[in-house]
Amino acid sequence: MSIFIGGAWPYANGSLHLGHIASLLPGDILARYYRAKGENVLYVSGSDCNGTPIAIRAKQEGVTAKEIANKYHEEFQRCFRNLGFTYDCYTRTDSEHHHKTVQKVFLRLLEEGHIYKKTVEQAYCETCTQFLPDRYVEGICPHCHEAARGDQCDACSAILDPLDLLEKKCKLCGSAPSVQETEHFYFALHTFQEQIKVAVETAKQTGTWRDNAIQLTERYVKEGLLDRAVSRDLPIGVPIPVEGYEDKKIYVWIEAVTGYYSASKHWAEKTGKDDQEFWDREAKTYYVHGKDNIPFHSIIWPAVLLGIGEGTIPRHIVSNEYLTVEKRKLSTSKNWAVWVPDILERYDPDSIRYFLTVNAPENRDTDFSWREFIYSHNSELLGAYGNFVNRTLKFIEKYYGGIVPKGSIDVELKDKIEGLYKHVGEAIEQTKFKVALEAIFDAVRFANKYFDERQPWKEREDDPVSCEETIYNCVYLIANFVNLLEPFLPFSSERVRNTLSIVKRNWEPQNTLPNRIDSVQPLFERIDVKQIECEIEKLYGAVK
């Protein structure tokens with residue numbers, strides 16, 4: 001089976017925070033799981049280096065947009081690598097290959113009659129003497145009356161036209177813009193109304209889109225899909241490939257989602273492999289992002305794919321809700337966030353991955369609390385999983401000289417593990433990652449109980465053969481926990497694999513156990529709970 005996984009592209013205008021990772025982590029879990037199953041996986045993403053936010057940041061700092069994009073693209077790559085993300089291709093939207101692919105898609109849509117020219121009114125700043133890109137216009141959302149940008153309202157997820165805003169002002173100078181006529185290209189989105197309606201109805205029946213994606217898309221379909229501008233007067237971006245319009249850029253809402261396609265083509269070019277299988281109707285596709293990106297993946301991108309004749313529109317939309325920080329809405333402008341480069345300096349990446357999975361905002365907003373983060377590490381990773389692995393392997397090291405005793409796999413344990421693979425696999429495929437991880441940790445707690453009840457420290461003296469059976473079965477459990485947890489906790493899984501000399505990584509019960517173990521080291525270190533206050537003080541102290 002061909003599995004395509006697309007992770008949303010973060011804007012390269014500032015550091016990643018845990019809200020980004022909470023929405024993107026499911027992509028890596030899926031990729032690792034499907035690779036272990038032996039499926040053909042293509043997992044792509046990249047840095048959005050063309051957006052208006054980058055141009056604004058560059059102007060504020062007095063540097064070029066390229067310098068800003070380079071800085072954060074490189075930082076993103078380090079963060080994703082240090083968190084264990086296994087992208088097959090992580091690229092950027094200001095690359096030549098991306099520009100060429102986007103321009104080809106634009107021309108194909110133009111040839112097929114899905115793009116047309118239209119004279120429209122656009123916000124113009126007399127002070128800055130320029131037409132204002134949508135994100136350069138700020139004001140009040142006409143739907144929910146919250147503060148909003150000219151392209152979208154974060155509060156109610158409405159896609160906006162900047163002229164719809166109330167109390168409009170230029171983001172650069174703060175003055176009220178005038179309205180002038182200009183010519184732009186438009187995408188005939190209304191012509192895909194019925195196909196999008198069928199797609200959302202199918203997703204509703206099969207449960208392959210998150211509820212928030214279904215509800216929001218149904219709302220747009222009910223209201224009627226409106227044609228959208230595909231060109232803008234932007235300072236940076238992909239030039240319109242039509243004579244006389246080269247100064248205009250392809251609007252980021254269509255250009256950025258086409259990044260999945262350009263990354264796929266770039267991967268094929270670099271590896272010499274054919275990527276068409278990932279765009280065929282039979283391919284299984286997952287698009288992983290936050291709820292603010294829903295309409296771009298449930299409406300815009302499917303319409304673009306249909307418009308260029310590709311068979312596979314998004315089958316699974318994994319659109320997480322928002323992550324709050326200490327019960328407050330995350331705010332980058334106020335510096336109320338937990339920044340990824342910072343937390344990675346002091347904490348195990350598996351601790352971050354664990355917390356953001358068991359507390360994932362899959363169906364509702366969830367909160368990142370330093371207290372909960374540190375206690376979950378100490379009680380679950382260290383106290384449950386790390387404890388079981390350490391006590392078993394230390395027992396072997398102390399009483400068997402590192403040689404794994406011989407035994408036979410207990411039938412009840414074997415059935416339990418086989419059932420666990422099936423249950424966890426189904427949960428991952430259905431994008432229920434929290435359910436999957438909790439099921440594994442239920443089994444870990446069962447394993448600790450098994451160790452306690454068997455009391456190998458007593459069996460060793462009273463019934464040495466039973467003791468060997470107990471320890472053998474504990475190693476059996478560990479070998480399979482490593483396999484089951486690898487999509488979630490890759491770093492600790494790798495450490496245990498090395499200790500047990502386990503090479504196989506396929507998604508099936510591990511029934512062949514190692515003969516000996518290498519030097520046993522603690523899987524996790526206890527985090528001093530005094531760190532809770534330190535981290536909270538640091539968080540509040542950094543607020544702007």
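Using the three backbone atoms N, Cα and C, a Cβ is placed for every residue, glycine included.
Annotated motif ''HIGH' region' per Swiss-Prot: 10-20, in sequence order. Note on the motif ''HIGH' region' (10-20): mean pLDDT across this stretch is 96.
For C141, C144, C153, C156, the entry in Swiss-Prot reads Zn(2+) binding site. Over all protein chains present, the Cβ of C153 (Zn(2+) binding site) has 23 other Cβ atoms lying within 10 Å.
Summarising the annotation, Swiss-Prot assigns motif ''KMSKS' region' to 329-333. For the motif ''KMSKS' region' (329-333), the number of residues in each DSSP class (helix H, G, I; strand E, B; coil) is 0 helix, 1 strand, 4 coil.
Annotation comment: Swiss-Prot describes T332 as ATP binding site.
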All-chain count of other Cβ atoms within 10 Å of C156 (Zn(2+) binding site): 14
Nearest-integer angstrom distance between the alpha carbons (Cα) of C144 (Zn(2+) binding site) and T332 (ATP binding site): 22
For the binding-site residues C141, C144, the one whose C-beta sees the most other C-beta atoms within 10 angstroms: C141
Sequence-distant neighbours of T332 (ATP binding site) in its chain (C-beta under 8 A, six or more apart): G14, H17
Env. residues of Zn(2+) site, Cβ within 8 Å of mean position of C141, C144, C153, C156 Cβ: P142, H143, H145, E146, A148, D154, A155, S157, A158
